Each structure stands twice: as structure tokens, then as C-alpha cells.
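Copied over from TrEMBL:
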type: COMPBIAS; residues: 66-102; note: compositional bias 'Basic and acidic residues'
type: COMPBIAS; residues: 115-134; note: compositional bias 'Basic and acidic residues'
type: COMPBIAS; residues: 142-156; note: compositional bias 'Acidic residues'
type: DOMAIN; residues: 169-259; note: domain 'CS'
type: REGION; residues: 66-167; note: region 'Disordered'
Amino acid sequence: MSADDGKFDPVLFSLAEQHPGGVPELLATIAGFLNRKTDFFVGGDAGEWEKLVLKIFRKEAALAQEVARKKREEREQAERRRAETRRKKEEEERREREKAEDQSAAAITELTDAEAEKMQRELEDAKKSKEVKEPAPAAAAAEEEETEKDDDEEPEDKGKLKPNRGNGCDLEKYSWTQTLQELELRVPFDVKFTLKAKDVVVSIQRKSLKVGLKGHPPVIDGALHGEVKMEESLWHLDKNSVVVTLDKVNQMNWWEKLVLTDPPINTRKINPESSKLSDLDGQTRGMVEKMMFDQRQKEMGLPTSDEQKKQDVLKKFMTQHPEMDFSNCKFN
């Protein structure tokens, strides 16, 4: 790659925006310029211009494919880490259940005959009692789930969707996942033929995105939730799906939606383990880890790091001044 890579990007972006037909129309304009204003096509030996064009484009294609390969490997590694984390969590939950069952069995074994008889009488009395009617299992489970949901959610998060396993959202026509650094969008198309690049329309701008089939209304066409790096973002076809990878400009915040017209997700319920913190510099990583800690504390109803510092300062002051009575004081 030369030192001038990206030097003319602003000019080329401006030129590309004036070609609604996409890359074919842009290339046609460049070829027409070389035909009218230079001897590119006739100045050398027969076929020499074609060899030059193929050489340049094959070089750029190889670079693009290498970048796509590395990003694909990173996504696969992240997915493997998530799967391993889920497996360990499920294994730990299984061991906890087995431990609880063993303890329960041991407790039952240790009951004396008198205690067993007493327990049996209490169970029969409770069964006969009609004073309190127990809710049906399904209703009880629904009530418990609703109560848990209400307890966990902040007022501003009411009605927001729960993130999918990739910290994104599964919608009717497309789905997306995210890490702190990038966002991956997958748009499937139900067509009877194998899609090729010429069959789709993909336009990635700094603040907007457009994806669809040529000759059809776009599936996505709107302003993005955040800004992206156009030069680092790319797309490719996976069977009959368009896969778009967007590199975020702000790599310290989670997106709660892809485009502004999407329903938001509850970013408080995001699993931060999906983010590759090792890729961040020391200062940024510290800020992100603090943000994640505060988020977990809020979910558990515990004080954030800043609130803990304030409480520690207050406790220290009260310890140093026991003669002062703070019992009737209210602190924010």
C-alpha cells in the first residue's frame, strides 16, 4: 500500500455521490475520461491497457479480500469465545443444581420419624386449607417473570427490546450484532436465484446506510444511530444474504438501534464479554471497564463507582467527627 492511500478519498467520494448507478457508472465515467483526454487505450501495444487494468484491480481485490478474511476470523474467534463462556456458565449452573439436590437429599435423610410425621401433617393441613388460593404454575411463572422484569428495568428502559446473543437485535427483515468496535448487519433476501454483487444496492455513508435489491424498495434506507468509518466499513455476499460490517467512530458506546427508525434495545442488558477490550488502549479500556462496572451495579441495585467514592468520603468524615449527629440528615 502506498503512502498516498486515502489522499484522494474526499474527491472520489464526491464524484461517487454524483453516480446513482453505482460503481459501474463511476468506472464508465473514468474510462470515458481516459478515452477522451489521454492515449491510454491506444498509446501502447494491443491489449496493454487491459493488462494494466487487471493488474491494478487484482491487487486491490487481494487487499480487500485479506481485510475481509481477517475480520471474518475475528468474528469467528469472538463467537467461539462467546460459546465457550456460555458452556462454562451452563456447566457451573449444572454443578450448582446438583449440589443443591445433594444437600436437599441429605437434609431429608437426616429427618427423624417424629419430624417426618410432623412435616406430613403440615403438608396435609396446607393442602386442605382454602384460605389462600395458589396461582396456577403458568400464571405464577408469568407473574414472577414480569416482577423480575420490572425490578431489573429502569423507568427509561420500559418497552425496549432485549438484546440478542450478539448484543444487537433480530428484526423481521434483518438482524445485527455488535462489539464496542464494530457492528455486523445481515440482510437475507428470499429470491429464487443466487445473488451477485450487481443485483444489490449497498451505500455506506458516514451517517446513513442503504441496502436493498435493484429495482425494489430498499430494506434499509435511513440515518444511522452513530457515525461510522466509511473507509474501514465493507460488505459482502454470504449465499443470498448481504453482510455489512460497520466500523464505529465512537468505540466506547453501545448502539441501541441500527437506524433511527428501528425500535431500541435495552443496552443495560448487553453482555460486555462480547467486546474485545484487549484491542483498546489503556485509557480507553479503563473508561469502558468503569462503564461496564457501573452498569452491572445499577442492574443489581448497588451504588456505582462514583457513588461508592462519595459514601467512602462521608463514612471517613463521620469517623473523624463522631461528635456530629448525621442520623436525621438526608444526602443525595
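Placement of Cβ uses the backbone N, Cα and C atoms for every residue, glycine included.
Curation plays no part in TrEMBL annotations; they are all automatic predictions.
A quick note: this is a predicted structure, and the numbers were derived from the prediction, not measured.
Shown for the domain 'CS' (169-259): DSSP residue counts in helix, strand and coil, namely 3 helix, 44 strand, 44 coil. Mapped onto DSSP classes, the compositional bias 'Basic and acidic residues' (66-102) shows 37 helix, 0 strand, 0 coil.
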